[in-house]
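Below is one structure, written out as structure tokens; comments come after it.
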């Protein structure tokens with residue numbers, strides 16, 4: 001060993017011998033220390049999500065547009081700004097908690113108003129007004145203590161002082177020597193405003209880098225130095241050997257501006273120029289540790305897209321109880337849903353375009369617009385639209401938190417720079433089952449593959465036409481799938497002459513059999529279970545009866561509501577079932593109904609409307625009733641009464657649609673003399689007359705619940721209906737499901753089992769490495785700008801697929 005220490009070994013042994021729970025606590029603490037700046041970001045964002053005020057809005061914007069864009073880490077200036085700002089916010093909130101302020105006298109009335117000025121500013125009186133601010137301040141002090149422990153807290157000031165001293169030395173002596181070796185890498189310059197690592201090479205470059213990467217404090221010193229020289233009327237003393245020409249002109253402009261526009265304009269430029277220099281150095285870094293986090297940004301946007309689809313009601317005014325499936329099933333597109341989806345999809349398209357063009361400047365501009373735009377919309381526009389505070393909108397808070405993750409990833413992408421080459425799909429980097437199934441699932445999403453291919457063609461420099469581009473993409477996808485299968489065959493080889501194992505046959509084959517059976521019988525199973533298991537009882541709210549004789553004015557109209565609609569108790573229901581004990585058809589029908597599905601309607605026998613009929617029609621009706629060839633008898637008195645036989649349906653079925661019909665199974669009974677006979681009920685119809693008015697009275701003769709007054713009794717069997725969330729699928733019915741689901745899926749399954757012989761030439765390729773390399777070579781030369789070579793390689797690929805002999809040679813196993 002090069003280094004040995006007994007105390008360190010004893011310490012290591014002691015640490016390893018600790019309980020696992022304690023080791024876990026140590027590991028969590030070390031993780032917290034290593035990512036303490038992320039803890040600060042999280043607490044700041046959480047505080048803003050809960051408070052949602054202008055006071056807490058400043059720090060999240062500074063995080064995404066300053067701290068996370070700083071290279072290699074946020075400066076001491078940022079952390080001091082966050083600490084001081086949090087302390088001032090705590091004092092301001094505390095000051096406005098006193099009750100003598102006018103807006104604190106009616107807190108209960110104004111606490112839920114999103115546009116109440118104290119609520120917007122964040123100075124409203126409330127319980128626990130400062131809890132999250134104190135946690136935020138504690139996290140900031142914790143991070144500061146960690147930086148101090150590692151000697152990183154005062155690093156910026158040391159870099160500033162050394163740079164200022166070297167600048168002074170350079171101005172005094174143009175030929176001054178250098179400290180340290182000019183041929184070796186110099187120390188890292190952690191300037192506060194530039195926030196980028198500058199790797200210094202030879203002597204002249206070192207001076208230029210140091211000058212161009214000045215910090216805010218450096219610029220401030222230089223500005224004061226420049227003003228001092230302007231009093232002498234001079235702008236010289238700048239060494240051309242150690243300073244860029246742009247900095248020389250900048251200092252001269254500052255001198256002129258100070259003399260012409262006064263101190264106010266000069267102070268404004270002192271703030272503007274460091275910000276401008278910060279973003280300039282961000283877009284034009286001396287070096288960039290390129291990375292690619294586009295996939296993670298795309299996943300964050302996808303999660304936000306899903307939140308919008310399933311929680312769109314949180315972004316509308318009167319849509320708190322809305323359901324996207326029911327809205328779409330009624331051919332209605334909510335405005336909030338449409339706007340949110342289009343904006344989210346548009347940002348994803350723009351992000352893809354910037355990624356393909358690899359333009360950091362465009363990404364910075366897009367980041368600034370998104371940060372300000374989303375924060376303005378979420379915390380100032382959305383509360384007015386929804387009429388509730390952002391802190392009371394859980395879905396919007398979740399959407400904003402995921403968007404903050406996206407902002408952090410975007411800042412990391414900007415800070416590191418885009419990758420120089422974008423080769424293929426991110427799912428095709430490995431050849432295993434996971435990538436295979438994910439890639440095939442990606443290709444199954446409607447229009448996603450096509451949209452990605454067209455966007456890549458639009459925003460990538462290429463000589464290929466759109467059809468040729470799509471051809472290369474399709475060949476690459478096909479070859480990747482074959483490569484995955486060949487790699488799986490190498491990992492799990494099958495010896496020659498050995499039959500397939502039962503695990504493989506029953507695992508794969510059994511799963512396919514079960515899947516096919518489920519697809520075939522899915523509509524029947526779904527329609528059976530949707531109402532029996534997940535069905536909802538749909539009881540009637542109104543039952544109406546109307547009786548008309550011979551096409552004249554209705555003689556009887558009556559309806560039953562509320563208390564007149566009664567459910568059967570258990571004893572009544574059991575008696576009802578026993579009455580059909582010998583009727584097989586009736587019992588089979590009753591199997592599908594429970595006690596709560598049956599409703600008994602009691603209708604008053606007296607019509608609820610007077611009988612209005614013209615005298616001629618009345619005379620005609622009297623003549624018809626006096627016809628002795630009719631099927632019913634008539635007794636003439638002050639009332640007209642006759643018996644109507646087997647016309648009243650005692651049992652009515654109320655299906656899920658609007659058409660109600662009699663239940664024939666319950667309206668047919670068994671008679672020992674005549675076999676099956678009709679059991680429709682008989683009713684009596686009477687016309688009651690007084691001095692000037694007349695109305696009809698109906699009475700049912702065979703009622704289960706005997707009543708003394710004239711009335712009608714009706715049993716309604718209500719079919720269960722599907723839940724609202726599944727109504728759009730159950731509405732198709734069994735035949736609709738077979739036509740739309742089974743037949744469509746069956747078409748794709750049939751394509752898998754038939755037509756295989758036509759694709760043997762392109763499917764049974766033993767070794768696809770050379771074809772895969774040819775595709776990746778096309779991607780590579782396209783990224784490097786070798787467009788003529790791209791055309792040649794594409795022609796080679798097309799010739800390969802046109803020549804079976806060449807394809808055989810290219811795909812032989814390596815020997």
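Glycine is treated like the rest: Cβ placed from N, Cα and C.
In TrEMBL this protein carries:
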TRANSMEM  14-32  transmembrane segment
DOMAIN    34-154  domain 'Piezo transmembrane helical unit'
TRANSMEM  39-66  transmembrane segment
TRANSMEM  78-96  transmembrane segment
REGION    155-182  region 'Disordered'
REGION    205-231  region 'Disordered'
COMPBIAS  213-227  compositional bias 'Low complexity'
DOMAIN    291-528  domain 'Piezo THU9 and anchor'
TRANSMEM  293-316  transmembrane segment
TRANSMEM  336-355  transmembrane segment
TRANSMEM  364-386  transmembrane segment
TRANSMEM  398-418  transmembrane segment
TRANSMEM  430-446  transmembrane segment
TRANSMEM  466-485  transmembrane segment
TRANSMEM  506-530  transmembrane segment
DOMAIN    643-813  domain 'Piezo non-specific cation channel cap'
TRANSMEM  726-749  transmembrane segment
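Sequence-distant contacts of the transmembrane segment (430-446) (same chain, at least 6 residues past either end, Cβ-Cβ under 8 Å): 477, 480-481, 483-485, 487-488. Residues 40, 44, 55-56, 58-59, 62, 66-67, 70, 104, 118, 122-125, 129-130, 133-134, 136-137, 140-141, 143-144, 147 of the same chain sit 6 or more residues outside the transmembrane segment (78-96) yet have a Cβ under 8 Å from a Cβ within it. Among residues of the same chain six or more beyond the transmembrane segment (466-485), those with a C-beta under 8 A of the stretch's C-beta atoms are 424, 428, 431-433, 435-436, 439-440, 443, 453-454, 456-457, 762-763, 765, 768-769, 771-772, 775, 778, 794, 797-798, 801. No contact links the transmembrane segment (293-316) to the transmembrane segment (14-32), because fewer than 3 Cβ pairs that are 6 or more residues apart lie under 8 A.
Touching of the transmembrane segment (398-418) and the transmembrane segment (14-32) is ruled out by the presence of fewer than three CB pairs under 8 A, sequence neighbours closer than 6 excluded. Counting same-chain residues at least six beyond the ends of the transmembrane segment (336-355), those with a Cβ under 8 angstroms from any Cβ of the stretch are 294, 297-298, 301, 304-305, 308-309, 312-313, 315-317, 319, 324, 327, 362-363, 366, 370, 385, 418, 422, 452, 455, 458-459. Below 8 angstroms of C-beta separation, residues 32, 74, 78, 81-82, 85-86, 89, 92-93, 119-123, 132-133, 135-136, 139-140, 142-143, 278, 367-368, 371-372, 375, 379, 383, 389-391, 397, 400-401, 404, 407-408, 411 of the same chain, each at least six residues beyond the ends of the transmembrane segment (39-66), sit close to that stretch.
Per DSSP, the secondary structure of the domain 'Piezo transmembrane helical unit' (34-154) breaks down as 82 helix, 0 strand, 39 coil.
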